[in-house]
Amino acid sequence: MNNIGIKDIEQFDAEPVNRYDKQQPLYVSRKKIYPKRINGIFRRFKWIVMLITLSIYYVTPWLRWDRGEFSPNQAVLVDLYHRRFYFFWIEIWPQEFYYIASLLIMAALGLFMVTSSIGRAWCGYTCPQTVWVDLFLLIERFIEGDRNKRMRLDKEAISPTKIVKKISKHIVWLLIAVATGGAWILYFADAPTLLLKVLNGSASIVAYGTIAVLTFTTYSLGGLMREQVCTYMCPWPRIQAAMLDENSLTVTYNNWRGEPRSRHSKIHKPISASDNIPVSRGDCVDCNACVAVCPMGIDIRDGQQLECITCALCIDACDKVMEKLGKPKGLISYSTLANYKQNMKLAFDNINSELVHEHKEILKPKFKHTTISTILQQPRTIIYFAIWVLIGFTMLIMLTTRSHLKINVLHDRNPVSVRLSDGSIRNGYTVKILNMIPKHRTFTLTVNDFIDGEIIMPQKKNDRFHKISLNVKPDSLLAQRLFIIANPKRNKVVERKFRFQIQDNTSSESAEYTATFSYR
Amino acid sequence: MSKKEDHVVNKVETTGYEWDGIKELNNPLPRWWLYVFYTTILFAICYAVYYPAIPLIERNTEGLSNYSSRKELENEMAAVKSSHATMLELIKTMDVSDIQSDPKLARFAAAGGASNFKVYCSQCHGSGAQGGVGYPNLNDDDWLWGGSINQIETTIRHGIRYEADEDTRYSEMPAFGRDQILSEEQIIAVANYVCSLSGLEHEESVIALGAMVFTENCSSCHGDDGKGINEVGAPNLADKLWLYDKSKKAILSQIINPQHGIMPAWGNRLGDIIVKELAVYVHGLGGGE
């Protein structure tokens, strides 16, 4: 291993496209980035994440879940037309939307928690923009070759092979984009039926419109605009600045051991004007591998930048080089700003690799290395996690103990009450029974806390009941109009409270509604 | 005008002004923003050409699309009307009692009746059909001219004491006081008797005389038991509901110089369909027989 010298390390002719101290005028057109392929543990992790997220997205609508004959059998379905949301064994009615709201709150809190502890992991690994750009790059690399080949191809004059390559790339991109838009709409209707309808041209204009819009956004954001979306369009990098602190993980170039970078084995360069001590070179061999692989077109050695999505591909690239040189890995590493500053201070007197290294392959033990456990012990992370768990747990309890039966009662308002010829008082109500399970159910409706109150059904005015039986269709609402009739009060009572109660005839489930009877 | 200069840190030109040491960078607009801005201008021009937009002296420009919101409304109204056509045709040909026994048709008719009720009937009967003094409550179970759906339909179609309609329902209570048909003593006695029928406060001593006067003068219309007769629109005097007022004074005044309500005949004015719809709606309010 030690036979490999600096000269054996390939140097890339890579200039960072986005660089703070060389900022381009704002009207200069975009410089294309040609990220080089790299292998390593972070790249492998990203492949796995990509496989999982994309499978979730494309496969989920095809999962089936048996809910009986009266409800759809799609596992995840947002049924906007019937105002129902299905998620495996959970069915949510519009009035239970707070479950979704809390889920969104949990997602936001989770994002805060992840960001404050492990930094921009969302950006680097799971953001749809990152995942689809990765997928599109994969296609690009497959058709046009790696970095150098792509650069050469773009510079070449137009030739049949170039045209074929370019066209086939864009066709595959468009196919992926159409599939992305197509998969999205499958979440909103029965997937097999809808797909068939889309294919034979009988789906609704909304379906085609949605596919068209999402095809356009996927193709343009993932294929054409790429890193510009993160740099210029996305608000999240800006918000994150408020969420990261000196204890959050970021991809860091450890210049306390990298500098002064050089392609030569020895350099003689004064550190300051006053001391002319010759120093040996730092660990960085200035091979630009980290720049060549960066999908955002930055040089991580310039320090923390808004453009950096912490995808860690530069870590993979640099570790490879360090390995070849037989130096300790982690010249570029996940580290916190706090650790970086401490290490900087330790190495500060004059940044000199001889002071940093115990011997060639081992750093001096005084230097701090960020470990995941120190990150997780941050109070902020713990507090976020506690709130997150609290909300999640509360939701879970509410979800498991929720009732699948609800009753709402609307009291007639105009007129509130009617006096009948025998002097008795009649009030009209619309009783709404929500049968929230996909089964036929029969309920008994009773009037409680109201001894002389009797029920009259509009169809049979001469019969008076103390309880009535109502059939409610599966997974639906029954609105039943009925009257309550009672004797007038001699004293000046103007109204009274009483309860409508419904009880499932087969199970013990029941629900109540406190209503008002008016004597006015 | 102060000198434009480059900002030290970012090397960006400033606007050249300074406010208490604060300078404004003269960064150009983001390009994507600028293009969106140009696109909106282009959109506005297209919009102004395509749709009616520019106000002229007489009227506005028509636009290429020949669009107008009035026309759109007309089209939508026509579409609604044509979608109702089959239902309306059924209502036209069917008898009200048959309409009522068809749940779907009844619901449709009641909805139409409800909106027409608000327009034509609510002025007297109230928006909830709860009535008022002199105007019957249509929610209760007390009907002057009968509460079956056919009777209600006839009342709506021909009105009550509405002279322009030949088939109007007509009846008139004699002015027992004004025309001196009964003596003052008899009138007081019969008023007390009427009060006693529904359990109101009355003088027991004149009841016997009152009963006699009632049988001789009133029972032909109000019935022997005072429960009224629908055919002549004579109210039930034995129940707890009163068209005017249940005070003895009001009852006396009604015997001496009776008031008579008038209801217009709607048959010719609203047409067959709406009359039937109204009948279904009124019958469904809760009091229909």
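Each residue, glycine too, has its Cβ placed from N, Cα and C.
TrEMBL lists B:Cys218, B:Cys221, B:His222 as binding heme c 2, and of B:Met173, B:Met212, B:Met263 the one it places in that same site is B:Met173. Listed as Cβ neighbours of the transmembrane segment (B:32-50) (distance under 8 Å, sequence separation of 6 or more from its ends, same chain) are residues 61, 63-65.
Taking the C-alpha positions, the distance from B:Cys221 (heme c 2 binding site) to B:Met263 (heme c 1 binding site) comes to 20 Å.
Ranked by CA distance from B:Cys124 (heme c 1 binding site), the binding-site residues B:Met173, B:Cys218, B:His222 have B:Met173 at the top as the closest.
Taken residue by residue with DSSP, B:Met263 (heme c 1 binding site) is part of a strand. According to DSSP, the secondary structure content of the domain 'Cytochrome c' (B:108-198) in residues is 41 helix, 4 strand, 46 coil. What surrounds the heme c 1 site, by Cβ distance within 8 Å of the Cβ centroid and not counting B:Cys121, B:Cys124, B:His125, B:Met263, is the set B:Tyr120, B:Ser122, B:Gln123, B:Tyr135 from the same chain. Shown are the binding-site residues B:Cys121, B:Cys124, B:Met263; of these, the residue with the fewest other Cβ atoms within 10 Å is B:Cys124.
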